[in-house]
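Remarks on the structure that follows.
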């Protein structure tokens with residue numbers, strides 16, 4: 001989606017010309033959930049003057065009730081009209097930053113926090129941090145009450161075509177809606193698991209790319225519903241098949257120059273690229289809870305399902321955490337393969353960027369690339385070459401996060417503490433549950 005710049009007068013003009021009747025002021029909470037305040041277009045001037053207030057105490061991880069007043073400051077460049085709204089008037093969306101009553105950015109706003117980390121990047125001489133995400137999702141049928149079932153929409157596989165891929169019509173409509181909203185769609189296809197799909201859209205600067213991910217999720221769920229399907233970004237909804245990932249392809253720029261590219265080295269990579277990679281590898285255990293935030297996330301990060309379990313990097317090999325795709329020049333990038341689509345994109349990207357900057361600032365040395373299939377190596381072989389495991393549960397991921405000062409810096413005290421507290425409660429709740437699997441295994445035997 002190309003970067004656009006709008007003024008207040010532009011917004012007024014668009015609202016009138018398009019017969020906009022409602023405005024959705026959108027923001028994202030710490031858990032990655034999209035929130036919005038909907039107001040009639042008669043409130044447009046208050047919106048443009050940053051005067052729209054909401055109760056922050058009602059949002060997960062924001063503030064206590066005695067300090068709850070928050071203001072929404074819209075980013076005018078995020079103006080878009082939802083294509084599926086018409087009839088009595090259209091609905092327009094503006095993504096907002098959250099501000100406190102004293103006029104300063106709220107430290108618990110993930111979008112504002114990402115901007116803070118980007119400022120740190122700029123202080124090191126870089127101008128842009130670009131992200132190209134690869135989000136995957138499943139489509140399940142709805143029952144007669146409109147509730148999701150476990151019945152898949154098809155039994156297709158990787159890149160399968162119709163008639164096997166019965167979700168093709170839904171996926172096509174999603175692509176059309178996204179294009180109407182300004183997305184530059186690069187690929188759309190069936191993924192490995194039945195009912196699993198991937199739609200890739202063009203990279204963008206860090207904040208815009210994260211905005212696009214949140215918009216993408218909303219569009220996918222909305223259009224799926226119109227096809228009597230439920231779209232889920234749950235990382236591992238089914239046993240025995242691949243889970244859904246959201247690989248992050250990232251690159252640093254200095255002006256128009258890709259800071260990761262050097263045509264005169266063996267792999268075409270700069271020392272900056274190696275240092276950034278080293279920082280990501282060093283801090284990977286610490287940011288795993290942010291990039292894989294659900295109990296369910298760790299059902300995906302197991303051997304045998306094309307998801308990374310081990311902390312290593314390679315140029316071609318897809319089994320490590322980090323891969324360096326073969327494209328060079330302006331397209332030079334590193335691919336962080338552990339991220340799943342349940343992650344808050346603003347927080348995940350802030351953590352990965354801070355980890356990479358840690359490598360650059362401290363001139364960390366990257367280990368040797370691993371070009372063999374790590375899944376086929378035993379523990380002794382992995383340990384011999386210094387390959388660590390990613391955390392295998394949310395509990396161990398939170399433990400690693402508590403021990404990592406770089407990730408604490410990436411998120412800031414407020415988000416860091418609120419996230420750990422919320423996720424610790426989630427883990428404790430899960431830990432005390434009794435599952436159907438346990439009853440099936442033990443009820444009769446004991």
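Every residue, even glycine, has its Cβ placed from backbone N, Cα and C.
The Mg(2+) 1 binding site annotation in Swiss-Prot covers 134, 247, 335 and rests on similarity to another entry. Of all Cβ atoms in the protein chains displayed, 19 besides its own lie within 10 Å of the Cβ of residue 134 (Mg(2+) 1 binding site). Classification of residue 134 (Mg(2+) 1 binding site) by DSSP places it within a strand.
The Mg(2+) 2 binding site annotation in Swiss-Prot covers 136, 191, 198 and rests on similarity to another entry. Shown in sequence order, 134, 135, 136, 137, 187, 188, 189, 190, 191 are the residues of the chain, 6+ apart in sequence, with a C-beta less than 8 angstroms from the C-beta of residue 198 (Mg(2+) 2 binding site).
Take the CB of residue 251 (ATP binding site) and look out to 10 A: across all protein chains shown you find 21 other CB atoms. According to its DSSP assignment, residue 251 (ATP binding site) is in a strand. Taken from Swiss-Prot, the feature ATP binding site covers 186, 251, 318, 323, and the record attributes it to similarity to another entry.
In sequence order, 235, 236, 242, 243, 244, 245, 292, 307, 340 make up the list of same-chain residues 6 or more apart from residue 300 (L-glutamate binding site) whose Cβ falls under 8 Å from its Cβ. Per Swiss-Prot, L-glutamate binding site is recorded for 242, 243, 300, 306, 318, 337, and the stated evidence type is similarity to another entry.
Swiss-Prot lists 18-103 with the feature domain 'GS beta-grasp', giving sequence analysis as the kind of evidence.
As annotated by Swiss-Prot, domain 'GS catalytic' applies to 110-446, with the evidence given as sequence analysis. Summarising model confidence by region, the domain 'GS catalytic' (110-446) averages a pLDDT of 93.
Taken from Swiss-Prot, the feature site 'Important for inhibition by glutamine' applies to 64, supported by similarity to another entry.
Of all the binding-site residues given, namely 247, 251, 318, 323, 335, those whose Cα is no farther than the 10 Å limit from the Cα of residue 306 (L-glutamate binding site) are 318. The Cβ neighbour count for residue 323 (ATP binding site), using a 10 Å radius over every protein chain in view, is 23. Annotated pair residue 247 (Mg(2+) 1 binding site) and residue 337 (L-glutamate binding site), C-alpha to C-alpha distance, rounded: 5 Å. Shown in sequence order, 200, 201, 202 are the residues of the chain, 6+ apart in sequence, with a C-beta less than 8 angstroms from the C-beta of residue 186 (ATP binding site).
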